[in-house]
Amino acid sequence: MNKTTAIAVNEISKAYRIFRRDALPDTLIGMMTSIARSPIRNIRYLRSLSRNIADSNELTSDQFWALRDVSFDIPTGEVVGVIGRNGAGKSTLLKILSRITEPTSGEAVIRGRISSLLEVGTGFHPELTGRENVYMNGTILGMTKREIDKKFDQIVDFAGVDRFLDTPIKRYSSGMQVRLAFSVAAHLDPEILIIDEVLAVGDAEFQKRCIGKMQEVAGGGRTVLFVSHNMSAIGQLCTSGILLSEGRVTASGKLDDVVQSYMDDLFETESAVGDHSTRVSVQTSIDGDAHQRMWKYGTSLAVRVDVETVEPVAGPAVDVYFNSSAGRMIFAQSDRFVKSPGSDANRWSFEFQFQNNGFVADYMTIDIGFRYSSSTRYLGLWRGVRAVSLGEVPEGYSHGRECPIAVPCAVQLMESAA
Amino acid sequence: MNKLKILNIMSNPAEAVASEAASDGIAMQPYPVTRIRNTSGSAWTNWVELYRYRDLFQYLVRREIKVRYAQSAIGVGWAVLQPLFTMLVFTVIFGRLAKLSSDGAAYALFSFAGLVPWMFFSNAVTDGVNGLISGASMMSKVYFPRMLMPLSANAARMIDFVVASVVMSGLMLWYGVAPNWGLLALPWILAVMALCTSGVTLWLATFAIQFRDVKHALGFIVQILMYAAPVVYPASLVPDAYQRFYAINPMVGVIEGIRAGCLGTRAMPWDFLLIGTISAIALFGTGVTYFNSKQRVFADLA
């Protein structure tokens, strides 16, 4: 029986108190009494912070649930990506599983030695030498001195700092420090590993080695829980996923499905946007599948834009912008109706076809602009109406960079009168 | 309820229980099992786990010592200068000017014998409390037994204590004072000192995480406490009726015990030591309990 459960999470909830600011007094007397009373108020507040929320059954308005009844099982050897927007509860979940903080209610059972990397280089001290910091950091992460002795050469080798081992790390470049820190973390040998966005360290070359090391760890039969916003890193490492949204698990299972739900969740904006004078509806489909959100290498994306205006417009044009997750515009495409006198209409359809010939980005968002073909001023510009995830990075492209490659584009136009 | 399972569909609860039971068996159970739940302020200490992290304790102590004296010109010499200069000031003010009794010994020697354990206590408590506060960022990033932080800061001050003890021996040679058999009680005395120090540290550190006021008040508290121990004056100045009460402060037995053993200024204060031992154990026990009941919220507070 090798498919035992490594992590069983059962209805875990975590509540935090939100700092509530008292209304500021606006009179001098009010201010003075408030200052005089503040020690009592502060003591009450500080005490309430360290009291257990579960102790007091009443749920007051200044509490906030970071996690609510989260349950899932992770079989041994599974590499699971935890995804979700900012504030969805990912970090809280990891903190609970790595025992940094306790859940308010619920239980988790973990089978195996667990190590968590919520940050690299915890416990690093600038005055200590590289060697001392390796031991310091390693023991903090739960290794024994013996285990570190055994791996010491590998760690130093991987970080490439062997010449500076006995130099205080305050004399290291920041890149060297980070490399050493990651290297210690990468050589942890637990059965279960929890990783939070530590990939974003070092230069491109080192990042590639990091990903390689992670894949090695993931492939070694270890259970890994990996939190990242970087969809392509998740795509490379994970086989299944958990989607958190507002503290709850909203999807789990096969990675592709979870990523797709995430994309829907991330931009669940109405497909029809616009104002009183113009309405735009946007549909995307990938290789003919309207529910697909993974625009993989080699597949084609169709973007259909339906525009409806109150007043008939002569010669409308639509611009489609693709932006990287970092917010940078990657490419744009526009098309227009050539003004044909006498055929002013107020409903148009634009269909764009794009082929993914090698975009390297985790996901892209789509902006739609609508204007007269003779003008550059937009009648309407809608940002982030759709998003597509790009899946795995094809061979030969370095990670984290977008490479726009010629995009064959087929545009189909339809026009109808009011 | 809506328990979502990933890939591993074990919809039959009986099956799930069975597999759990199987893997809980000795042969099927190669991995340690960790249960994470709300412990609701449980004060239970996991001593086994503390022992497992002994290497970390060792490196924390090393780091503390090394960092403290890094880039300082005389390094560990500060462990000599600090009590030595304090002793000089005390000798001038309390010995010469105030003419405080020193039970017949040279006042310099008398006050130094008191300063060695006292400086350990005050520095260790200060370091322990501040160490926990400044290590708060570490606590929010990785799990390890939190108690190691204040305790390792305490332990790191032992090096200063040892250095100061060497200076003390030198002073005894200089003054031609020989220790007596009472010094054999030293292990007991040191144990009381260590328990008392870590007990007070754990109490104050736990307060300090919740109320940063402690950090500001700490220097002042330690200063005041010095006058509650026979550092600058002999215990014999305290009226007989209050002696037992006075000895509840474990440092009374510690300081007077060291003086009795090294300087022979008085008979070994067994009664002080006994009372002090009881209160040191109580301080340590309650300190550990209080620390443990609060440590689970440290990461949320810090």
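For all residues, glycine too, the Cβ spot is worked out from N, Cα and C.
Predicted automatically and left uncurated, TrEMBL annotations should be read as such.
The annotation transmembrane segment is assigned in TrEMBL to B:72-94, B:106-133, B:154-175, B:181-205, B:217-236, B:272-291. The annotation domain 'ABC transmembrane type-2' is assigned in TrEMBL to B:74-294.
Residues 100, 107-108, 111-112, 115-116, 119, 159-160, 163-164, 167, 232-233 of the same chain sit 6 or more residues outside the transmembrane segment (B:72-94) yet have a Cβ under 8 Å from a Cβ within it. It is B:181-205 that, among the stretches B:106-133, B:154-175, B:181-205, B:217-236, forms the most Cβ pairs under 8 Å with the transmembrane segment (B:272-291). Same-chain residues lying 6+ beyond the ends of the transmembrane segment (B:217-236) with a Cβ under 8 Å from its Cβ atoms: 90, 94, 100-103, 110-111, 114-115, 118, 122, 125-126, 129-130, 204, 208, 243, 246, 249, 251-252, 255-256, 259, 265-266, 269, 272.
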